[in-house]
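Peer 1: Here you go, one structure.
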Amino acid sequence: AELREGYEHFDPRAYLRNNYLPPRADFSSEEFVVPWKLRCLAETFASGEIRGRTLIDVGSGPTIYQLLSACDHFEEIVATDYLAVNREELGRWARGEPGGFDWSPFIQHVCKIEGRGEPWQDKERRLRQRLRRILPIDVHRPEPLGAPLRPAADALLSAFCLEAVSPDRAAFVRALANVGNLLRPGGHAVLLGALGESFYLAGPARLPVVPLEESDVREALAAAGFALRELRSYAMPPALRTGVDDVDGVFFAHAQK
């Protein structure tokens with residue numbers, strides 16, 4: 001209940017300013033956090049192993065960067081978020097309405113690292129075409145969407161969601177198992193999340209986070225019925241510790257149900 005109340009004050013634009021503009025979204029070096037996240041995603045999806053009909057993005061927030069490399073490998077992408085303000089922000093981008101957040105530097109960077117010489121506008125258009133549903137979700141329910149996803153998703157992606165909406169590690173594990181119910185057996189899960197973070201700011205909202213270590217991520221995936229395929233981590237450099245959170249680093253995990 002306390003978490004729900006806190007998220008009533010979540011400001012999507014403030015969250016985007018804090019995390020997806022410079023200094024954190026600096027594309028001049030692979031040493032910065034946003035290029036690191038984009039490269040992890042690009043390399044993982046480039047293998048061609050993670051593909052199918054449907055990808056579900058759990059707790060999309062107001063962001064689409066996490067879907068840029070994935071969108072080439074699925075017929076349909078289902079974005080989800082608990083907050084109506086985030087679903088509205090996603091909808092504005094998907095419809096190409098003016099005044100939305102400018103994701104073009106992210107799309108250009110992903111096209112560059114994927115190295116196919118594709119015009120970035122083509123990738124933007126393709127993601128908009130494949131982002132067909134934006135649904136409400138509650139990861140603390142055994143059926144997070146209120147009913148089973150039909151057919152079950154071939155892959156699941158979630159970035160900076162589960163640890164930020166769980167009051168403790170046990171709730172984090174349960175939430176991971178709940179969203180795993182949306183995935184077919186053998187389906188893949190790709191996760192990005194915070195390490196060592198206890199809070200973050202989004203406008204007037206100061207939101208608690210479960211501080212995780214790499215070992216917590218490994219144990220949670222195993223407990224939720226996933227086999228870990230890869231785990232990478234990134235240490236947040238002093239220059240990117242801007243006071244909008246107390247994050248120590250970022251993890252990237254690829255697992256299979």
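Note that Cβ sites are derived from N, Cα and C of the backbone, with glycine treated the same way.
Predicted, not measured: the structure shown is a model, and the values here were computed from it.
So TrEMBL lists the following for this protein:
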BINDING   Tyr15, Tyr20, Gly59, Ser60, Tyr65, Asp81, Asn86, Asp138, Val139  S-adenosyl-L-methionine binding site
Peer 1: Measure the Cβ-based neighbour count of Tyr15 (S-adenosyl-L-methionine binding site), defined as the other Cβ atoms within 10 Å of its Cβ.
Peer 2: 23
Peer 1: If you measure every Cα to Cα distance among Tyr15, Tyr20, Gly59, Ser60, Tyr65, Asp81, Asn86, Asp138, Val139, the residues said to bind S-adenosyl-L-methionine, what is the biggest one in Å?
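Peer 2: So the binding residues stretch over 25 Å, Cα to Cα.
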Peer 1: Enter the number of other CB atoms within 10 angstroms of the CB of Tyr65 (S-adenosyl-L-methionine binding site).
Peer 2: 19
Peer 1: List the same-chain residues at least 6 positions away in sequence whose Cβ sits under 8 Å from the Cβ of Val139 (S-adenosyl-L-methionine binding site), in sequence order, or say none.
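Peer 2: Set apart from Val139 (S-adenosyl-L-methionine binding site) by at least 6 residues yet with Cβ under 8 Å, we have Val58, Gly59, Tyr82, Cys161, Leu162, Val165, Ala175, Asn178, Val179.
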Peer 1: In sequence order, which residues at least six apart in the same chain have a CB under 8 Å from the CB of Asn86 (S-adenosyl-L-methionine binding site)?
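Peer 2: Listed in sequence order, they are Phe10, Pro12, Ser60, Gly61, Pro62.
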